[in-house]
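For 124-149, 170-195, 215-238, 287-310, 322-344, 372-391, 412-433, 484-505, 512-535, 562-587, the entry in TrEMBL reads transmembrane segment. Among the features that TrEMBL reports, domain 'CBS' is placed at 742-798.
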């Protein structure tokens with residue numbers, strides 16, 4: 001239950017008959033909503049009156065401010081639409097092999113050793129192609145961004161330098177040019193995502209994590225999503241938004257992997273089928289894990305870190321062979337990206353560009369044991385700032401979904417507004433803060449401007465704003481100690497933090513890796529300046545403090561430890577500092593977890609995705625199957641009338657139908673022993689191919705149905721709906737034999753199974769449906785992903801919170 005107005009949370013189990021009963025239970029005042037108060041009625045008692053006879057003006061204002069503070073605290077927490085509900089639209093993948101008569105018949109066909117060898121080689125070749133494809137995509141994005149960004153900021157510098165002496169009339173020109181370029185590019189990027197494929201918005205990692213957990217997400221791995229993702233991230237960065245391309249690289253790599261695995265090329269409304277050996281949900285899941293790892297590897301030049309990121313943050317099903325294949329694909333992606341970027345710079349044999357983002361070598365990356373306490377304090381600060389980032393972004397996400405995302409054009413307008421504000425904020429800082437320096441930037445190609453500076457000096461803030469976010473990060477890590485003043489860093493931290501919070505969640509393709517690292521590097525450098533002032537003889541380099549700050553900030557936002565440690569170590573190329581990075585990431589994660597969940601988990605919760613964690617919720621040993629199963633179930637007979645099947649599919653949204661053997665001793669229809677289970681999409685294919693006949697006859701095309709008919713087009717569940725099936729009255733009087741196609745050996749549990757046992761069975765086997773039977777082996781209920789995901793445990797502020805979520809029809 002959610003904690004309301006200081007009450008201690010309690011955990012109760014509501015017996016769920018079906019979703020209608022659950023809603024009735026909630027409305028009657030016995031569910032989770034009975035303690036919720038109206039958003040506009042937090043101060044029902046003791047509200048000040050309009051007159052001042054009993055209250056002074058001071059007390060009146062004080063009460064109003066207390067009401068605003070309470071509303072801000074409650075905002076988005078107690079709303080039943082966010083974080084406390086699941087969406088019914090999300091369905092599970094079909095990882096379980098359907099043990100039907102048709103499958104057994106086709107599996108009896110002899111497969112030669114040569115075919116098995118070719119299948120194994122083809123599998124490795126597919127993983128090799130995933131690495132190559134991801135590298136081509138990543139290198140293309142990097143080259144386009146660097147070339148166009150250099151021209152954009154060179155144009156802005158030209159007008160800034162030209163007008164720096166004429167402040168009254170001329171400086172408006174570079175500002176308008178900057179704003180216009182940002183607005184135009186962001187408009188194209190946001191419109192592409194909003195109207196082309198909304199699944200391409202954001203980093204994509206939360207959705208990829210949900211997909212690899214077993215949730216089917218329509219449109220996530222489509223060609224339109226790939227185009228919108230790749231072009232969108234280029235336009236987002238060029239549009240001046242506070243974002244990076246590392247998260248979208250993981251999503252794009254996953255789309256490439258899924259496309260190669262499906263073996264078909266979309267062509268208008270049709271598709272060119274090349275091969276179909278890897279089209280099952282199980283195979284596509286493994287390939288997507290490799291694609292996500294390859295994307296991270298190509299982005300950071302970290303094949304080991306990319307593999308661990310896929311293990312720790314994304315995938316839910318692993319084995320030793322799959323780890324080897326994923327690592328092989330990540331290594332190919334890293335090497336190929338290195339070769340392509342090095343060739344673009346004119347020295348392909350040197351292989352000096354292993355990834356899109358490299359922290360480069362630190363000249364003096366050493367530490368003393370007495371600095372460990374400083375790193376621990378910095379890690380705690382990173383956890384606090386990361387938790388603040390998550391909380392503020394969550395409040396903003398709730399506000400967007402309530403008021404801004406009702407119309408698509410509003411999403412585009414918001415993105416354009418953020419890009420314009422980014423340009424204005426950067427110009428105001430450079431214009432008002434006279435931070436002139438003669439220190440040469442670390443990057444010899446860095447673009448700087450004078451902005452009221454004289455002689456050989458330049459405005460230090462221009463080094464951070466007249467570049468991409470990756471260039472800004474490198475400047476904060478490697479620029480000389482005298483480059484930035486304390487005031488410049490403080491203002492930059494505040495502005496960039498607010499822009500990062502505002503940007504993440506826009507309807508654009510963007511990532512949060514680089515903004516988090518940049519914010520952390522800025523305040524880490526600020527702390528480093530203080531350490532140098534206090535201990536001038538001991539500390540002379542602020543770069544390592546900026547690196548610790550970057551790692552702490554990233555850990556405080558994302559809450560991953562092992563993979564980020566390896567990624568940062570691989571980016572720096574120095575393992576001696578690995579201990580300090582690991583300490584910073586672990587402590588920042590612990591501090592952040594004390595207050596909130598991670599940023600990716602927050603996105604999943606807000607989306608209402610039924611994600612299953614690694615372990616079952618605690619304190620559920622005495623919760624049994626009959627307490628949380630969905631009932632009653634809709635059953636079918638082995639030989640069923642087409643009209644009844646059609647009515648079931650039209651009237652219900654169930655995706656699994658138990659097949660029973662009708663007992664003649666029962667007076668009640670559709671009650672008998674379980675014989676199997678058939679999926680909704682199987683029935684749709686049979687209806688579409690008209691595998692039915694008048695009673696007493698055999699369908700003419702029954703023997704022509706193969707397993708490929710249920711896979712082509714892939715995926716069937718997204719391309720075939722009941723509305724696509726056209727039946728007349730004569731067809732509805734026919735019968736359909738479901739026995740050759742049903743799963744003859746479905747997994748079942750009894751009523752006295754505890755939730756932890758059911759949870760481990762369901763998640764470990766990657767099931768979609770788990771049939772609940774009584775002592776007579778009669779199906780009386782069904783356990784699905786949503787029935788288990790409705791129970792969630794969280795630890796906040798050191799206390800365990802148990803929540804019973806509702807399921808909304810969307």
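The backbone N, Cα and C atoms fix where each Cβ goes, glycine too.
All TrEMBL annotations are machine predictions without curation.
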Spatial neighbours of the transmembrane segment (322-344) far in sequence, C-beta under 8 Å, 6+ residues away: 123-124, 127-128, 130-132, 134-136, 138-139, 142-143, 253, 257, 286, 289-291, 293-298, 301-304, 306-307, 310-311, 350-356
Model confidence over the domain 'CBS' (742-798), averaged pLDDT: 89
Top partner of the transmembrane segment (372-391) among 124-149, 215-238, 287-310, 512-535, 562-587 - counted as Cβ pairs under 8 Å: 562-587
Three-state composition of the domain 'CBS' (742-798), taking helix and strand from DSSP: 16 helix, 19 strand, 22 coil
Contact set, same chain, for the transmembrane segment (562-587): CB under 8 Å, 6 or more residues outside the stretch: 296, 300-306, 308-309, 311-313, 355, 357-362, 365-367, 371-372, 375-376, 378-380, 382-383, 544, 547-548, 550-552, 554-555
Result, the transmembrane segment (512-535) in contact with the transmembrane segment (170-195) (3+ CB pairs under 8 Å): no
Same-chain residues near the transmembrane segment (287-310), Cβ under 8 Å, at least 6 residues beyond its ends: 126-127, 130-131, 134-135, 137-139, 205, 208, 211-212, 221, 245-246, 249-258, 260-261, 278, 322-323, 325-327, 329-334, 336-338, 353-358, 513, 560, 562-564, 566-571
Closest-packing stretch to the transmembrane segment (124-149), where packing means Cβ pairs under 8 Å, from 215-238, 412-433, 512-535: 215-238
Residues of the parent chain within Cβ reach of the transmembrane segment (215-238), under 8 Å, 6 or more residues beyond its termini: 90-93, 137, 140-141, 144-145, 148-149, 152, 185-186, 188-189, 192-193, 196-200, 204, 207-208, 244-245, 248, 251-252, 254-256, 258-259, 266, 284, 288, 468-469, 508-511, 609-611, 715, 717-718, 785
